[in-house]
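The structure appears below as structure tokens.
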Amino acid sequence: MGSVLGSWRDSISANRGCHDSRQDVSYTDSLRPHVLSLNNTASDAGFNLSFEDISVYKTSLKRHILFPASGTIHSGSFVGIMGPSGSGKTTLIKVLAGKVRPSSGAVYVNNQVSSHIVLRSLVAYVPQDDIILPDLTVREAILYSARIRIGGTFNDRNLQQYVDYLIASMGLQSVENHLIGDATGRSISGGERKRVNISLELAAAPSTLVLDEPTSGLDAKAALSVMTLLKRLSEQGLVVVCVIHQPRSEIFALLDRLLLLSDGKQVFLGSASASLNFVTRLGVAPCYKSSNPADTIIDAISNIHQAGFSALTDSDNYQDSIPTGSWVSKSGTERNGDSEGRSSNSGGLPALMQRAQQRRASWHKQAYLACLRGLVQQSRQVSSLALEITTGAITGLLIGLSNFEYKGHLFQGVFLPPLRSLSSATSYRLLAEQGMLCCLAIGCAAGPAGVILFAEDRLVLNREWQSGHSPSAFFLGKTISSIPRMAVSALHFASFYMLLTTPMIDFGQLFINCLLYFYCIYGLGCVVAALVRRQDAPVMAMLISLVFSALSGCAPRLATVNEWKLKWIWIIFPGVWFSEANFNENISPLSSLYDTKTAAETVGYTLNRTSTDLAMLLVIGTVYRIISYIVLVFSSRKNQS
């Protein structure tokens, strides 16, 4: 990593044309030791990234998508990986970054075999898609990444100043307080968004930066600006490896080294300048000085592929075209010489891993930061929150209006002796129906809202987990941050329902019942968001929540279901427990007048266990979230295998 952090101050001057009040910011005495400690660990140990005969076999396709490839990268290299579409470029860099496990071969850090966990800790990976939360500002997004990934080394004051320098060096001062936005409401340009995407990884002060097509979706000027920035970072000692697809000649000239792939096979490995001579000597495509060298190379590789010259991937055919330097072939004598050259650095890996673990924020701090970020997100989702509150309020209002004529008389039972003979017709199901209607209304309000709240974080969770964020801390923080939102929605629903229905239940008890049922449906939304495509998830969540709500023991009655020996199915859904709690709290004040035991037996509910009902709602909602968490973790690991 060299002196990347310390040298960023030298690159700030190139971006100072429109700076704000931070123009005179300088390193404080308290910050300097932290910056130097991050740099010195990697600098003293050295950082060499090697890969030997790594390949990836896709079981579902029943073929290799990457055939054995080998090479070594040293500090300060700016390496480009080129090839036709489907040649295995993205797969290769994902293996180097620890995102995909190779089917064979190994990746080495300082001559030591490194697992995917080690690589994820030391190698920063910037995906092609800009996976960034749209409801955060540029500064908030970068600061959050820094707090998570190096928060164990810096205090917050130093982190703030560290992020100041990172924002300045990336040329983002003019937009640092702008919301990032998305495709429907973007407040920063595509080039600025790409810089933010890169900054999220640079916030961890990595030893190696791996990027998947960092110029995709950018115009020529923005693409050149991003690649120039990456070149400057490599000159400061950072290893930069990026996949590029037919770059313009100015971008190609920035590359130090080049790896060419075709049909998943390694074709060339050497300096970028030597690659043109290599493809020209093949006689496959002429090299015109006036043409874009990248176009010439891609055309040559494509012709090789079309002509079936698979032998060109053998070491005998490209070995002579690989100069010594940052890239070295991993075959024959050169591989042995390289191993000897790196042996002096073999002790650096434990130091690098120890430093990476020490820099990362603790689990409880990660959960706390995730909770704060979730609250900030929701505070800016005004339209979504307003829609959810309005839906809850309207459904509560409509149910209340339908009950208005009852004037609170929702139960009619049999009088206790000696007044039993004065009893009139009973009405036991009305309270059960009220429970089912409340469940249906909350399902309509909370089902889609729960999906929307968690679906947008699905890709972010996958990216941050692979970058060192604890998934359990992320998930817990997100869940806690959603509680105020659920409480506000439950409060509006309960208020309108209570005002017009005037039931016997205490308002505080009704609010708690509704809040816990919101908690369950939000948890159900988590599961749906983890399993279903985002565009289909809201409708699916509403449908499933309506089905679950209908199984509340009203129709068919829970007593009838028990006769069918199917009660065990009903009680695994939250509707039964909500309706039973609502039934209990509405008839308990009447227990001195009516035979409530007979009423409960007729419907199928159990009396005097409201606490159990509420506990079961809490358990069911939590189980839904655990299921969602397991699905997300499993799908992420499946993508890596």
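Every residue gets a Cβ built from N, Cα and C, even glycine.
These come from TrEMBL:
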- 332-341: compositional bias 'Basic and acidic residues' (COMPBIAS)
- 49-288: domain 'ABC transporter' (DOMAIN)
- 323-349: region 'Disordered' (REGION)
- 434-455: transmembrane segment (TRANSMEM)
- 510-532: transmembrane segment (TRANSMEM)
- 539-559: transmembrane segment (TRANSMEM)
- 614-634: transmembrane segment (TRANSMEM)
Per-residue pLDDT averaged over the domain 'ABC transporter' (49-288), given as an integer: 87
Tertiary contacts of the transmembrane segment (510-532) (same chain, 6+ residues out, Cβ under 8 Å): 438-439, 442-443, 445-455, 458, 482-483, 486-487, 489-491, 493-494, 497-498, 503, 540-541, 544-545, 548, 574, 578, 581-582, 585, 614, 617-618, 620-625, 627-628, 631-632, 635
Long-range neighbours of the transmembrane segment (539-559), counting only residues six or more past its ends (CB under 8 A): 429, 432-433, 435-436, 439-440, 442-444, 446-448, 450-451, 521, 524-525, 528-529, 532, 567, 569-570, 573-576, 578-580, 601-605
